[in-house]
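Engineer: Pasting a structure below so you can have a look.
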Amino acid sequence: MLETTSLFFGAFLDSTIGPNLFVPGEPFLLAAGYQLHEGVIWGVVAVLLGGWIGDQLSYFIGKRSGSKAQKKLIRWQAKTKRPIARCRLLMKKRGNAILIFARLLGPVAWVVPFMAGTTNVSWKRFTVCSSIGLILGVGQFVVAGYLLAAGLNTWIPLDSIKFILVEHKLLIASVLIASVFALVAWKKNWSRKWTKSLTALVFCLVAANYGHFFYLADDNIDPPGVTENQSIVLNDIGFKVYPGRSNVFDAQAVNLVYVGESPRSLMQELGWLENQTFSRNDIELADYVSLLKQKLPPVSDLFWNGKPQSMAFQEPGSLLKRSHVRWWQAGLESKSGQPIWIGAISYDDGLKLAHYSGIVTVLHRIDPNVDSERDRLANQIEASHLRLVGELHSLAQPVAMDSKHDYYSDGNVLLISEPSLALNLSNQKAI
């Protein structure tokens, strides 16, 4: 729905006198063609409707304002004087042809509906001719987008690029709005342009953070049962999680496996406190402030196979420094049928500015030595009265801290289970 609305407004602004000086319509029309290749027709409907309404609006602006609007437009943008004069001449010589083929005439195209209203072309004549022209003009780019999608999908990961752009929509919108503000500040020669432009950018980024955490984060969660009931083998699990669903983020470590109905009772017995998460809880700003006062800040989401954590816990600590763990249900152990949970345990050590889930935000800085927290949890389990076994198994690969990893590890994973299940899983690994 959001993509279709964007295509509509893109085509509308491209067709409306004034905004079409700055908004190129071609990307939106090509995107509609790409969607058509994917079997979605509503993108084509959106750009046709947006283009038609924009043409009609430009026509009525020209008809109502006439020469006064032309003079204002030329004073505002001197570069429009030549296209307007050329369009007026062509309208006199070949009126209907210009109305029909306007969208194929390059620099003249954007001003034709406006000039048709200014020169008192009848509405019926304009609507018939411009509608034909709209189909021709939009159609050429839709066909081009369709053909590009059919050919490029084989060697360019268009779906991945589209997914990345959608995930980063708030950041892109923030930068665009701040850039427009800065452009206006420079054009109008405002005082303290740099300060005001930077303030606008910060305001947009803060708004993007608010929209992400308090409005969008709890949307689009995969329904339960997608992976929870699948039979799995531990060696086949991906032992990495990411601070976003697309593939552009640095990985963090999965270093725990729990076999059983839920790790919640384990964490509570060990004295850990359960955190709320932005994806699984409906957190408002007032709730967030209240949780900060309790020193139980919500946990930001990490994604395993595109799915956010099911639950999260922390040890009592400060707002800046704390041990915390996230848990995901991965499936059912292939022999025992017991649920398998994977966990990521680490230590928050201050704050940092981070690229996270399509936005730029302030998050906790993770101590890269994740093995120390894993081993500390193993010691807690050993010292407790719980009938559980915690053993290290080399299920993951050793990792050195680099441009793609925010941690380093020896590759060992702490396997937590009842003694009988621990034996079964050890035997499974040895096969």
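Including glycine, each Cβ sits where the backbone N, Cα and C put it.
Automatic prediction, not curation, is the source of TrEMBL annotations.
Features from TrEMBL:
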- 23-146: domain 'VTT' (DOMAIN)
- 41-62: transmembrane segment (TRANSMEM)
- 96-116: transmembrane segment (TRANSMEM)
- 128-149: transmembrane segment (TRANSMEM)
- 170-186: transmembrane segment (TRANSMEM)
- 198-217: transmembrane segment (TRANSMEM)
- 248-385: domain 'LssY-like C-terminal' (DOMAIN)
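Help me picture where these features are in the structure shown.
Structural biologist: Remote same-chain residues near the transmembrane segment (41-62) are listed as 3-5, 7-17, 20, 25, 28-29, 31-35, 69, 113-118, 123, 126-127, 130-131, 134-135, 137-138, 142 (criterion: CB distance under 8 Å, separation of at least six residues from the stretch ends).
With a threshold of 8 Å between CB atoms, the same-chain residues lying at least 6 positions outside the transmembrane segment (128-149) that come near it are 11, 25-26, 29-34, 36-38, 44, 47-48, 51-52, 55, 59, 96, 99-104, 109, 112-113, 116, 158.
Counting same-chain residues at least six beyond the ends of the transmembrane segment (170-186), those with a Cβ under 8 angstroms from any Cβ of the stretch are 193, 196-197, 200-201, 204-205, 207-208, 211-212, 216, 358-360.
Sequence-distant contacts of the transmembrane segment (198-217) (same chain, at least 6 residues past either end, Cβ-Cβ under 8 Å): 170-171, 173-175, 177-178, 181-182, 278-279, 283-285, 288, 301, 357-361.
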